[in-house]
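Asker: Shown below is the structure under consideration.
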Amino acid sequence: MGDLPGSGSTAQPRDAAVTGTGGNSTAGGGSSVGSTAVDRPPSPARLSHTSEKHPKVTLTELNMLRRHRELCDVVLNVGGRKIFAHRVILSACSSYFCAMFTGELEESRQTEVTIRDIDENAMELLIDFCYTAHIIVEESNVQTLLPAACLLQLVEIQDICCEFLKRQLDPTNCLGIRAFADTHSCRELLRIADKFTQHNFQEVMESEEFLLLPVGQLVDIICSDELNVRSEEQVFNAVMSWLKYNVAERRQHLAQVLQHVRLPLLSPKFLVGTVGSDLLVRSDEACRDLVDEAKNYLLLPQERPLMQGPRTRPRKPTRRGEVLFAVGGWCSGDAIASVERFDPQTNDWKMVAPMSKRRCGVGVAVLNDLLYAVGGHDGQSYLNSIERYDPQTNQWSCDVAPTTSCRTSVGVAVLDEFLYAVGGQDGVQCLNHVERYDPKENKWSKVAPMTTRRLGVAVAVLGGFLYAIGGSDGQCPLNTVERYDPRHNKWVAVSPMSTRRKHLGCAVFNNYIYAVGGRDDCMELSSAERYNPLTNTWSPIVAMTSRRSGVGLAVVNGQLYAVGGFDGSAYLKTIEVYDPETNQWRLCGCMNYRRLGGGVGVMRAPQTENYMWCENSFKQPNS
């Protein structure tokens, strides 16, 4: 394959085909007198065409007719506002209108139809959507749009409203959004709001919405095994805060609620000193029985096997798992800006917001729960710019200071709260320069250079050292390895790999450094090896199922993933995962895009399931 695009590569996937016209022909297209071809009837000429513009143009013209009130055959009276429309358009978009206008209902024969229980502004927006396929959902209209979309059975609008509300979730409003979702039967939003409430319960319990909960919803929350609390004391304190917000009306529910607090899991000191001494608890016989049950559980450990039940079961909150991001790279002959996210729990790749620039040979690392994309090549220029991604907002920002040198095929890693950029090339030469970024100062500063120039280098952090592994010195691939000691600002050589590798993948897994794939002097590689820092030795592991140069390697939820690359003939979107116990690789699905020379990064899954980005998405405010 040679070096990555942007560094002199001319490699392309071998999937092009040469096509030509069938039948007999002569040079210049002239006919041949006496040819036997005249004995056969010529094939009829055909040209098949499907217009991509036609649907949009047709809708635009229909909307113009509506705006001018031409050929309209129905008027919707909504809250005193008259909205002109065409029955066929409304029926095609809405099952509600289809049933109204094509059945035997009285409205099917009326030219003016009154619609009740829908906000007139929401109806106007929904009718506009039927004609334009465009809508803006925002905080000021979502609470009227969603009920209207539910009534009119506009599923697409229901979904986008729910997605908008998911993005708005925070500890102060998640209970209100949950109730709203429940009222309008939005099951997915209800599920997400429940998960958010459980995970953020320690903040939710401080909100006014929590204090206003009806007793049934309070019970639903505190009985969950997945409630995320440091101890059961927090659950008891939350219940008592809720009770004391309106003691006169709520004290009758104390026993009903307290039975879902896992009193046997409290410390003896808290159970006796706080729960047992509370006047409201002591004044209720059923509550006293619950306290006595908890005391017996704590005082009689030999009897605990006979006392097991919901109140003795420890809570097991669902921890946010890790997700893998694939960033930029080279695809279909050009650098790309696209970014996608892999969730191992669902085995699903989803597009997220793209970078502002196309980047191949980009260095990627995670620092302070933010994903950094460093340098690369945009298909025309070498870059020194940096972008930073926040998974909570699904947005990239470009306010990060640039590196002092342009760099593509650069290695990037985090050590001691600094972001390091190692080697690469600047379009003139292969680099041994190393610099590090301080996020507090938003500033890059140079550190000691490597002893060897390296592009396509892999970097890893283990035991307080930064390792630079393989790459190319601009002439040939390397198997040498050196490591940086930040305490002495010095690079020292360690044992070399068994194989020369440039554009390899590298990751730390179970206290080993794994190096996989890449390219040697002749071909793309599937081989893999790992480094033991205790013995300063490299040892081989089983080869991957595919040759992969320009591959990304990352550890996600305790598993090692190899992502994308180039196999010598085609760019890859396949993924494989390594099992150290069986020493085997297995295929694990595909990305949406083929990627060579993209970066990979691993982060905790965001607390809210934000919008996934797509080119045809609805317009969203501030997105």
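Yeah, the Cβs are placed from backbone N, Cα and C, and that goes for glycine too.
What Swiss-Prot records for this protein is below:
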COMPBIAS  20-32  compositional bias 'Gly residues'
DOMAIN    72-139  domain 'BTB'
DOMAIN    174-276  domain 'BACK'
MOD_RES   Thr19  phosphothreonine
REGION    1-54  region 'Disordered'
REPEAT    323-369  repeat 'Kelch 1'
REPEAT    371-417  repeat 'Kelch 2'
REPEAT    418-464  repeat 'Kelch 3'
Asker: Summarise the repeat 'Kelch 1' (323-369) by DSSP state, stating how many residues are helix, strand and coil.
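Answerer: Across the repeat 'Kelch 1' (323-369), DSSP assigns the residues as follows: 0 helix, 25 strand, 22 coil.
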Asker: Please list, for the domain 'BACK' (174-276), how many residues fall into helix, strand and coil according to DSSP.
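Answerer: Within the domain 'BACK' (174-276) the tally stands at 75 helix, 0 strand, 28 coil.
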Asker: Counting by DSSP, what is the helix, strand and coil composition of the repeat 'Kelch 3' (418-464)?
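Answerer: Helix (H, G, I), strand (E, B), coil: 0 helix, 23 strand, 24 coil.
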